[in-house]
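Pulled from TrEMBL:
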type: REPEAT; residues: 2-35; note: repeat 'TPR'
type: REPEAT; residues: 70-103; note: repeat 'TPR'
type: DOMAIN; residues: 139-178; note: domain 'STI1'
type: REGION; residues: 201-257; note: region 'Disordered'
type: COMPBIAS; residues: 230-239; note: compositional bias 'Acidic residues'
type: COMPBIAS; residues: 240-257; note: compositional bias 'Basic and acidic residues'
type: REPEAT; residues: 252-285; note: repeat 'TPR'
type: REPEAT; residues: 391-424; note: repeat 'TPR'
type: REPEAT; residues: 425-458; note: repeat 'TPR'
type: REPEAT; residues: 459-492; note: repeat 'TPR'
type: DOMAIN; residues: 529-568; note: domain 'STI1'
Amino acid sequence: MADEAKAKGNAAFSSGDFNTAVKHFTEAINLSPTNHVLYSNRSAAYASLHQYDAALSDAKKTVDLKPDWSKGYSRLGAAHLGLHQYEDAVSAYKKGIEIDPNNEALKSGLADAQSAATASASRARAAPPPNLFGDAFQGPEMWAKLTADPTTRVFLQQPDFVKAMQEIQRNPSKLNEHLQDQRVMQALGVLLNVKFKAGGGDDMEVPEADSPPAPSQPAKQESKKPDPVPEPEPEPMEITEEKEKKEKKEKALKEKETGNAAYKKKDFETAIQHYTKAMEIDDEDISYITNRAAVYLEMGKYEDCIKDCEKAVERGRELRADYKMIAKALTRKGTALVKMAKCSKDYEPAIETFQKALTEHRNPDTLKKLNDAEKAKKELEQQEYFDPKIADEDREKGNESFKQQKYPEAVKHYTESLRRNPKDPKAYSNRAACYTKLGALPEGLKDAEKCIELDPTFSKGYTRKGAVQFFMKEYDKALETYQEGLKHDPNNQELLDGVRRCVEQINRASRGDFSPEELKERQAKAMQDPEIQNILSDPVMRQVLVDFQENPKAAQEHTKNPMVMNKIQKLVTAGIVQLR
């Protein structure tokens, strides 16, 4: 929207409608208050309206916002010149030339300001004879009037006319040499607010009083006025600034492309040089900064990479850049922080940076980097906390609490032991025993299974798991667990006792030796078991069950199938089926 208002202001300026130009530039400034070009353009418009105080204020704002932009000092010099502050104008032009030594507009403006300062000093020493037309050609006002008048505006595009007017402006006595030029006479009429007849070059004579009686140096200095400052003209704003900006963009993009080619060839030093040059040419595109950061990342210069990423984010927010570009810079910074991480705490700023990047743009690559960083942090925390010696001490403390039947306290010690050494099967086995005592059977079962996973030959893991399953009245599963343990330790008495208890319960179930309440409870629990549900939903097993009730001959055949009988036994143990 600011660009649209700016374009309207430029168009109004080009047509000589300076008041409308000021209005549109003001609207653009309200939308983009940090854009130095807008203040520069409005300064030129104010100067064209002879409102030099306002022009000076905008020129100063331009320099404040962009102190390394030579055009701002050109505006500042023109405003001072319009206010007849010649020394300040000279100072402004000199500062601009320091930034851009080859700027012709600044050199011309400086020459005009110095001439005006010299002439002003001469007038202070000796008053010249009155000049009938001299005042009409003085200062930037002449160019503003010629620009505003539609009959003379077109003449400003003609170099010979501009040159003639510059000569007359420096020395009004030169007017006699150009009286035959109809364009000059037309311009004179506009400046004096009078109309001349066609061919007025022959009818109009400049009185001798207009020229100094003798070409003495003081008089020449007095009549010499500053060269026209190009800033109030519409062309520099529409063409010079926009063209200059476009050329800079194109030049910066070429540097970027050259840098990209060098990056692909792994010629990182050359890539950095071209990206840096692109940044110097155009500071309104943060992709040059993020590209250089990528090179630093590849070179292992992580701190330089982080600095560039932070610079890109800061500048991107000032320019209201695409949120994807800001997210890209943050992601690259997070990657560099991960590369630098040496301990778990070093991952915290990286994780925070990835999270910020995701708030800007939820990119799958950034999300993966975040998950990887969090996982790496957790693993490092475990490694940093790992201490088998302290783990054994905590396990022993847990054993003492278990003997004293202080089961919650024992769980606390076993948990701390596992944090110190997560690969200790004994700690899992002991904590499973505590959970069983506390009635936390699912937690006990989980610990027992983890114990077996860590050490399949450790018989305690099987006794813990079988005990939990027995208390959960899953006798067939408990029997399988005890039998699996006996494969590793055939003479283990705990395992043998577990088998015996399970067989007793299974036989009891086969006989239907349960009270109605027990049977109902077992059946309700069995129906929640996915394995029992699968057996009952199997069409083959449903037919087998029907045959056991109605077709003894078919049932006898089924008993020869081990797989079928295994499923029947599970149903019997669960209390779903009773054999008589």
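Quick reminder: no glycine exception, Cβ is built from N, Cα and C everywhere.
Packing against the compositional bias 'Basic and acidic residues' (240-257) from elsewhere in the chain are residues 10, 37, 40-41, 71, 274-275, 277-279, 281-282, 285, 287-288, 291: each is 6 or more residues past its ends and has a CB under 8 Å from a CB in it. Beyond the repeat 'TPR' (425-458), the same-chain residues lying 6 or more positions past its ends with a Cβ under 8 Å from any Cβ of the stretch are 391, 395, 398-399, 402, 405, 407-408, 410-411, 414-415, 417-418, 464-465, 467-469, 471-472, 488-489. Across the repeat 'TPR' (2-35), DSSP classifies residues as 27 helix, 0 strand, 7 coil. Mean pLDDT of the predicted structure over the repeat 'TPR' (70-103): 89.
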